[in-house]
Amino acid sequence: CKVVHNLLYFSSLMTVIRAKVVGKKLMKDGPFGTMRYTVKQMKMYRGFQIMPHVQYIYTEASESLCGVKLEVNKYQYLITGRVYEGKVYTGLCNWYEKWDRLTLSQRKGLNHRYHLGCGCKIRPCYYLPCFATSKNECIWTDMLSNFGHSGYQAKHYACIQRVEGYCSWYRGWAPPDKTIINATDP
C-alpha cells in the first residue's frame, strides 16, 4: 500500500515530520477506538501551512484496520499523515519508518530532492512493458519485484523535473543537475 516517497511527500494535505513518540493513549471514539500518540516533533518537512506543529498522531487502534504501532521512547520516526479536522492521521498506507532505517538517499530526498518532483507524476509498473504517457511521468518499477513495498528504486532514487519539463529518476550525492538525464537512472 505504500507509494514511492516523492508522491507521498507532495499530497496536498500531507504532513511529513521526524518525531519521537513520547506517549500513547487509547481513545474511545469510533467502534474500535483510535490510538493517539503524543510526539516530540524534531523536524517538519511538509505541512507548515496546514499545521505548523504536530503534538499528536492518530491512527486506528487495530492493525487489521490499518492502524500503525509505534514504540514509545525508543526511536525517532519519519511519519507522514493526512490532516483532517485539525488532527494528523496516519496508517499502514502512509510512509512511516524508523529514522535510522532510512537510506542516505531518502534522507537527502527529504531535505533536498523530493521537492524537485512537485510537477511529476509517478506511474507504477505492475507488468512489462511499461511506458510513460507524458513527459512529466516517472515509471516506478519496484512494483515488478517488491509487490508494492519500498524497493531499490524508492530507497535510492527521486523523481525530479528537469528544465525541459521532463521528469526522470535521479540518484546521486551532489545536488541534481537539472539539465541532463543521469545515465544510471532505472
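Just so it is clear, glycine is given a Cβ too, placed from its N, Cα and C backbone atoms.
Neighbours of Cys167 (disulfide bond), defined as other CB atoms within 10 A of its CB across all chains, total 24. Summarising the annotation, TrEMBL assigns disulfide bond to Cys120-Cys167 (among others).
A sphere of 10 angstroms centred on the C-beta of Cys125 (disulfide bond) encloses 15 other C-beta atoms. Under the heading disulfide bond, TrEMBL lists Cys125-Cys130 (among others).
If you look up TrEMBL, you'll see Cys138-Cys159 (among others) marked as disulfide bond. Take the CB of Cys138 (disulfide bond) and look out to 10 A: across all protein chains shown you find 27 other CB atoms.
Residues or ranges marked as domain 'NTR' in TrEMBL: 1-118.
Feature annotation from TrEMBL assigns signal peptide to 1-19.
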(request) Select one residue from Cys120, Cys130, Cys159: among these disulfide-bonded residues, choose the one with the most other Cβ atoms within 10 Å of its Cβ. (result) Cys159
(request) Take the C-alpha atoms of Cys159 (disulfide bond) and Cys130 (disulfide bond) and report the distance between them in angstrom, rounded. (result) 16
(request) Please work out the mean pLDDT for the residues of the domain 'NTR' (1-118). (result) 81
